[in-house]
Amino acid sequence: MATRSPGVVISDDEPGYDLDLFCIPNHYAEDLERVFIPHGLIMDRTERLARDVMKEMGGHHIVALCVLKGGYKFFADLLDYIKALNRNSDRSIPMTVDFIRLKSYCNDQSTGDTKVIGGDDLSTLTGKNVLIVEDIIDTGKTMQTLLSLVRQYNPKMVKVASLLVKRTPRSVGYKPDFVGFEIPDKFVVGYALDYNEYFRDLNHVCVISETGKAKYKA
């Protein structure tokens with residue numbers, strides 16, 4: 001059994017980086033506090049996660065299940081690295097993709113009420129190695145709900161890769177199998193993570209400002 005890594009642990013007192021050090025779209029200039037995880041660091045960590053995934057799951061057909069919308073950037077980049085490993089290996093395996101859409105946030109709070117509002121026929125997961133790819137684990141309730149749903153289709157194996165895991169007292173204790181970064185209890189946006197659908201077009205993971213929260217509040 002593989003030991004779960006906490007990922008790159010970012011401390012509670014990590015200040016992040018000044019916005020002026022990076023290219024930030026002008027329309028978000030007043031809406032962010034700091035750059036928290038630069039895009040290059042995200043990509044380097046994702047490349048290593050791809051290797052870990054293939055080491056643990058690469059013996060059988062993998063179905064990569066993307067949790068939309070926030071997971072799509074991480075999903076695309078992770079799969080690019082996995083595909084590169086697959087085509088350069090002496091032993092390659094088939095890989096297919098599926099998508100599911102969940103809703104559990106309003107403004108900056110997880111509602112605790114997870115709704116499946118889109119997705120393909122999950123019966124295709126039966127007997128497969130399933131890799132669920134998520135942007136962030138906050139309380140963990142959303143992922144527990146999704147795992148219960150997926151397991152109804154009797155996959156051979158289910159593993160979860162999450163770019164971010166938040167340290168929060170609201171956590172139910174769930175930890176994914178593959179973690180990019182463990183972060184403090186801050187509301188972050190960018191790299192497809194949104195605040196009421198805004199900020200998905202940022203390359204970096206950033207901390208939203210109070211001005212930004214007020215501006216884009218639902």
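Each Cβ is built from the backbone N, Cα and C atoms, and glycine gets one as well.
Look at ASP138 (active site, proton acceptor): DSSP puts it in coil. Swiss-Prot lists ASP138 with the feature active site, proton acceptor.
Per Swiss-Prot, N-acetylalanine is recorded for ALA2.
Positions annotated as N6-acetyllysine by Swiss-Prot: LYS103.
Here Swiss-Prot flags THR142 as phosphothreonine. All protein chains included, THR142 (phosphothreonine) registers 24 other Cβ atoms within 10 Å of its own Cβ.
Neighbour density for ASP138 (active site, proton acceptor): within 10 A of its CB lie 19 other CB atoms from the protein chains shown.
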